[in-house]
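These notes are about the structure you will find just below.
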Amino acid sequence: MSWDQVWIDVNLATMDPSISAPYGAITNAAIAVKDGKIAWLGPRSELPAFDVLSIPVYRGKGGWITPGLIDAHTHLIFAGNRANEFELRLQGASYEEIARSGGGIISTVKACREADEAELFELGRQRLNALAKEGVTTVEIKSGYGLDTETELKILRVARELGKHHHVDVKTTFLGAHAIPPEYKDNSDGYVDLIINKMLPAVIAENLADAVDVFCENIAFNLEQTERVLSAAKAAGLEIKLHAEQLTNMGGSALAARLGAKSVDHIEYLDEAGVKALSESGTCAVLLPGAFYFLRETQIPPIDLLRQYGVPMVLASDFNPGSSPICSTLLMLNMGCTLFRLTPEEALKGLTLNAAKALGIEDNVGSLVVGKQADFCLWDIATPAQLAYSYGVNPCKDVVKNGKLVHQ
């Protein structure tokens with residue numbers, strides 16, 4: 001066989017649903033790569049003969065290989081920090097109170113408007129490096145800290161540039177409807193007009209976004225405004241998604257499902273009718289335990305209902321300066337289990353196959369299947385559950401991206 005590389009002495013957590021074992025596991029396995037794709041995988045005993053003198057062979061020392069991790073919800077590009085708001089919350093101020101007093105997202109908007117692209121790129125690069133060291137091979141990055149045309153475009157340009165200069169694949173999301181900017185505080189409908197008539201066309205003209213998102217909440221955009229933005233995005237051929245039911249149940253998830261959104265995110269206050277709507281539309285539920293933890297929330301998403309209705313559950317970091325300044329997907333695995341009561345297998349699926357579904361890229365990544373992109377990680381663990389079980393010592397030993405060893 002003519003391959004570019006072969007990995008032996010490994011176990012595979014393929015996350016392939018066609019394999020009935022937990023994690024889609026194949027023990028005592030091997031995996032071969034050719035032209036950036038998975039060319040063969042299976043039990044080591046069935047590995048076809050190949051020229052060991054001409055093909056690089058990597059020995060996994062009994063570790064586990066998983067698909068590359070996918071962080072499907074981040075706000076990774078921003079300037080400044082909000083440590084002062086952290087102190088205010090510890091003193092009793094709520095997220096909503098801080099936002100309504102001019103803090104929250106708006107304080108980060110000011111910092112991002114003042115920062116240039118070079119500064120934002122370097123900050124983003126450092127954060128992307130941190131995720132990559134934990135086995136992340138694909139990340140979604142949202143705008144939303146500009147809230148004017150110039151700065152929204154600036155953030156999205158930086159995100160696109162990061163994708164060109166880093167081995168991690170970057171999917172971009174336009175989130176101009178993240179908050180009402182100060183200059184439109186008494187004219188939110190006017191700001192929605194700006195998003196639809198000026199921002200969105202400018203984003204499309206430069207091909208800066210793969211999807212469009214809206215923060216549908218009582219401190220941000222109502223249902224009618226949300227539908228206007230999402231409908232305009234859909235009409236332009238972009239994928240849509242939604243921040244919904246984080247603080248209250250406004251019916252955003254049902255709206256997103258009706259419009260064919262790829263995902264709804266947060267969903268702590270999602271009810272059974274909303275879960276059913278997601279199930280019927282095939283919309284993913286993105287769980288963000290970092291924000292739940294950092295904001296000290298008490299109502300968890302309806303995990304049992306999501307299981308009952310077969311809604312794909314995704315885990316993501318929601319890395320951002322205000323509600324989840326936690327740049328770690330491995331910690332999300334642990335939090336997903338300890339806070340939201342996911343099983344370790346559900347948690348890992350939420351950072352691989354289901355995360356790929358939320359981004360519409362499941363045909364190419366998210367599981368170890370012949371023909372898919374060779375994005376995978378070797379972990380120094382005895383069982384896949386260890387990834388969610390402990391935190392603090394990074395067990396990621398090797399990362400292969402597009403068939404190339406990028407971290408060792």
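Cβ coordinates come from backbone N, Cα and C, glycine included.
The N-formimidoyl-L-glutamate site in Swiss-Prot is built from Asn320, Gly322 plus one of Tyr23, Tyr58, Tyr145, namely Tyr145. Per Swiss-Prot, 4-imidazolone-5-propanoate is bound by Arg82, Tyr145, His178, Gln246; the candidate from Ser18, Ser20, Ser317, Ser323 named for the same site is Ser323. The N-formimidoyl-L-glutamate site is defined by Tyr145, Asn320, Gly322, and by the 8 Å test on Cβ atoms against their centroid, the other residues of the chain that qualify are His75, Phe78, Arg82, Ile105, Thr108, Gly144, Pro321, Ser323. Taking only the Cα positions, the spacing between His75 (Zn(2+) binding site) and Asn320 (N-formimidoyl-L-glutamate binding site) is 5 angstrom. Tyr145 (4-imidazolone-5-propanoate binding site) sits 11 Å from Gly322 (N-formimidoyl-L-glutamate binding site), counting Cα to Cα. In sequence order, Thr74, Lys142, Asp265, His266, Val286, Leu288, Ala291, Ala316, Phe319, Asn320, Ser324 are the same-chain residues whose CB sits within 8 A of the CB centroid of His73, His75, His243, Asp318, the residues recorded for Fe(3+) being left out. Around Asp318 (Zn(2+) binding site), taking its Cβ as the centre, 29 other Cβ atoms fall within 10 Å, counting all chains. DSSP classifies Asn320 (N-formimidoyl-L-glutamate binding site) as strand under the three-state reduction. His73 (Zn(2+) binding site) is 14 Å away from His178 (4-imidazolone-5-propanoate binding site) when you measure Cα to Cα.
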